[in-house]
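Colleague: Not my notes, these are from TrEMBL:
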type: TRANSMEM; residues: 17-35; note: transmembrane segment
type: TRANSMEM; residues: 55-72; note: transmembrane segment
type: DOMAIN; residues: 88-212; note: domain 'Palmitoyltransferase DHHC'
type: TRANSMEM; residues: 137-161; note: transmembrane segment
type: TRANSMEM; residues: 181-204; note: transmembrane segment
Amino acid sequence: MTCHGLFKKVVGKNQKLNIFVWGMRAIVIGLNLWPIYLMNYELNEWWDNETDKKMVKFLFNLVEFLNIWAYLKGSIKRPKAIPQTPTTDKNQFCMACRNWKPERAHHCSICETCVLKMDHHCPWLGNCVGYHNFKEFFLFCLYQAIIGMIYSYCLYPFAFFRDESDTYDLSTFGYVNYYCTNIIALPISYALIFLTLNVLLQLYNNLSSLERMMMRTTKIPCIGAVNEGHSIPNEYDMLWLGNMKQVLGSRLWMWPLPITEEMKGQGFYYPKIPEIGMSDLNIMLKDASRVHNTSFNVNDFDHDPKDYVKKAMKKYGGRTFVIAPGPEGGQTREVYVPTEAQQQQKTIIVE
Ligand SMILES: [Zn+2]
Ligand SMILES: [Zn+2]
């Protein structure tokens, strides 16, 4: 049996009986129950005054509640079924499922099904991460990281700055929880800080892990595109707020809660900017510069690099697209590109 075959067997599809899946879930619940018990019942000496103690305990328990809610939901919610739909498009056909594979969907060989907007198969959740549970996955990473930070905020002053003459005895059960938290739960929470930042970058760009691996242009806040030039333009990028709203919810109060709403395309279709991506645009502008022996920048593009305009019309005629601000800043603009027929009627690009 190959390594992959063995892995498939161990973490496989039968969620109800699978020992590995439930073992991993038990560990994650443990990561949370150990510090919950400690913070609430054993470590009352960690705080000098009652107000601090109440506030920290309230915050900690609130984050724990949201975390366990997000985790259980993300872990149990199965990928959405894809209706039997005939397709002649080879790129949108799954050989394994013998069915339509919508855009952004991928086949998971562990779940043995296609998963909408698939991100990865997560052994910690015992579930695929994709359109159906990406928000829950993100909140779980975020809250588990925050829990580690709150716990450390209480632990470090106690561990390093307490009076040596003070001895605090924990119960035997308390010691078990104390060591499990410090040796197992805390390093995992710290590791999740980095994973959370990575997932945030995905939310910011509207990209799944798979799409990032497939070299879609990735932007970093305040820095801009990092892999432009050798990447495919990201047609799903609806600018950061639009991107975040697609996953976290259309209203801000929904963002911290593990509740989701159905997107317009229900995970089968996604809004796309019918745009010239920045890398696409730069290639064209460079081309225009070469032909005309002048230099243009993004803000010039709708004025007079004629060669570029011609190319853009041919490729993007009849569409509206969004141009991000250039390096000088400014506003995001929506630009309509007329068709060649409109061009012949002497229509020019209008904003
Ligand atoms: Zn499939
Ligand atoms: Zn899977």
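A Cβ is built for glycine as well, from the same backbone N, Cα and C atoms used for every other residue.
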Colleague: Take a look at 17-35, 55-72, 181-204 and tell me which one has the most Cβ pairs under 8 Å to the transmembrane segment (137-161).
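Modeller: Out of the listed stretches, 181-204 contacts the transmembrane segment (137-161) most.
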Colleague: Taking DSSP states H, G and I as helix and E and B as strand, how many residues of the domain 'Palmitoyltransferase DHHC' (88-212) are helix, strand and coil?
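Modeller: Across the domain 'Palmitoyltransferase DHHC' (88-212), DSSP assigns the residues as follows: 69 helix, 16 strand, 40 coil.
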